[in-house]
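These notes are about the structure you will find just below.
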Amino acid sequence: PAVQGNDKKYTMSSVLKVSAADWKTNRFYQCQAGYNLNDMVESRFETPKIQEPNITALVPSVDFISSQNAVLGCVISGFAPDNIRVSWKKDQVDQTGVVLSSKRRTDNTFETISYLIIPTVNWKIGDKYTCEVSHPPSNFRSMISMKYQEGEKSSCPSGSPPGTCPPCSLTPELLYHTNLSVTLRNGEKH
């Protein structure tokens, strides 16, 4: 039933209960409301698409492991809806990393970066670090392990300038940069 507010205007609400099977089957729902049949307002509700994330590991290049701290990163992109969980481990022991707020991309998926700041000495002695990512809506769960290996050089795809691996919006002095406005350099957040 309609309820009159203090401003003498009436408001009304309606709830449509839908089974999970119908929710997954139908792409959108429409609602019409109004006082006159000729003057109805319509709203359209789209069911959210479910998309698994892509995960890319970011490790410090040789140029960036001379400072006291190193930054390991995990770029998580292309997921929907915005419901992501990230955890870090060092040789199976929980570590405290940072997960930045997700940003919506033009294709209506999301992306974020998680990073872990570690002492460079721990990286150089070969401790294994793992970024674990889960996305409950898609039942996705995966992990990427990172470990320093002396003398190993990263390989770039043919035609990519140095310092641009993996292929993304990079300049040679940045470890990683996206529209998330995050730049990691010399083991610090800038």
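Here the Cβ of each residue, glycine as well, is placed from N, Cα and C on the backbone.
Straight from Swiss-Prot, the features:
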- 53-145: domain 'Ig-like C1-type' (DOMAIN)
- Asn54: N-linked glycosylation site (CARBOHYD)
- Cys74-Cys131: disulfide bond (DISULFID)
- Asn179: N-linked glycosylation site (CARBOHYD)
Separation of alpha carbons, Asn54 (N-linked glycosylation site) and Cys74 (disulfide bond) (Å): 10
Asn54 (N-linked glycosylation site) to Cys131 (disulfide bond) - Cα separation in whole Å: 13
Sequence-distant neighbours of Cys131 (disulfide bond) in its chain (C-beta under 8 A, six or more apart): Ile55, Ala57, Leu72, Cys74, Val86, Ser87, Trp88, Gly97, Ser114, Leu116, Met143, Ile144, Met146
